[in-house]
Amino acid sequence: MARFLTLCTWLLLLGPGLLATVRAECSQDCATCSYRLVRPADINFLACVMECEGKLPSLKIWETCKELLQLSKPELPQDGTSTLRENSKPEESHLLAKRYGGFMKRYGGFMKKMDELYPMEPEEEANGSEILAKRYGGFMKKDAEEDDSLANSSDLLKELLETGDNRERSHHQDGSDNEEEVSKRYGGFMRGLKRSPQLEDEAKELQKRYGGFMRRVGRPEWWMDYQKRYGGFLKRFAEALPSDEEGESYSKEVPEMEKRYGGFMRF
């Protein structure tokens with residue numbers, strides 16, 4: 001008893017779905033029959049659906065429709081091939097976009113408009129590349145030439161970089177072998193060089209000129225030259241400072257900062 005109740009419950013649940021499926025199939029078959037006939041008025045669509053569902057005792061219209069459907073079955077593969085052909089069109093467009101890249105992005109709207117204005121016939125599909133070349137002129141050729149020029153320019157840049165690196169390496173090798181060229185190029189700044197006697201004399205002169213500025217020494221010989229050059233400015237400044245003989249008395253009065261730096265502050 002419980003199994004019977006369960007079966008009835010399942011039938012009640014699945015019944016509306018099955019009826020809807022049967023109705024949909026019947027209406028689709030009857031619509032196909034009326035479409036296949038030269039004169040659709042020869043078949044009553046409502047009567048055909050009701051006979052298919054079993055609501056009418058007469059089955060004349062439904063039998064005629066079934067015979068027509070059986071005769072039209074060989075024509076279905078042709079429809080299937082047309083659908084396959086329609087599905088293959090997006091794949092072909094995807095391959096074209098993948099192949100020509102920037103050209104499709106640049107001139108895509110123009111090509112689409114041309115396709116709408118001048119649709120391609122089935123006989124012309126075999127020679128698609130020639131027709132594209134004739135239809136779109138030199139656009140595709142120009143794009144290919146641009147790609148070739150970019151590739152050539154990148155190769156040329158690589159060659160220039162490689163030659164520059166080789167030249168720099170050879171130059172460094174020659175510079176390591178020849179120390180005189182390095183000294184001429186960098187002037188001894190990059191590495192320490194042995195000074196000639198002439199350079200030693202110049203260094204001594206520089207030491208004499210600026211050395212006493214950092215330590216307490218007497219007035220140099222070139223004091224008169226500076227005196228002539230700067231007029232009475234240095235003279236007035238020197239007169240304002242105490243002499244060396246008065247250093248002891250002056251050291252008692254000067255601040256501790258002047259004691260620390262000595263002649264640097266007094267000069």
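Each residue, glycine too, has its Cβ placed from N, Cα and C.
Per Swiss-Prot, CYS33 makes its disulfide bond with CYS65 among CYS8, CYS65. Ranking the disulfide-bonded residues CYS26, CYS30, CYS33, CYS48 by how many other Cβ atoms lie within 10 angstroms of each Cβ puts CYS26 at the bottom. On the backbone, the CA of CYS65 (disulfide bond) and the CA of CYS26 (disulfide bond) stand 10 Å apart.
In the three-state DSSP scheme, CYS30 (disulfide bond) is classed as helix.
Cα of CYS48 (disulfide bond) to Cα of CYS30 (disulfide bond): a span of 6 Å.
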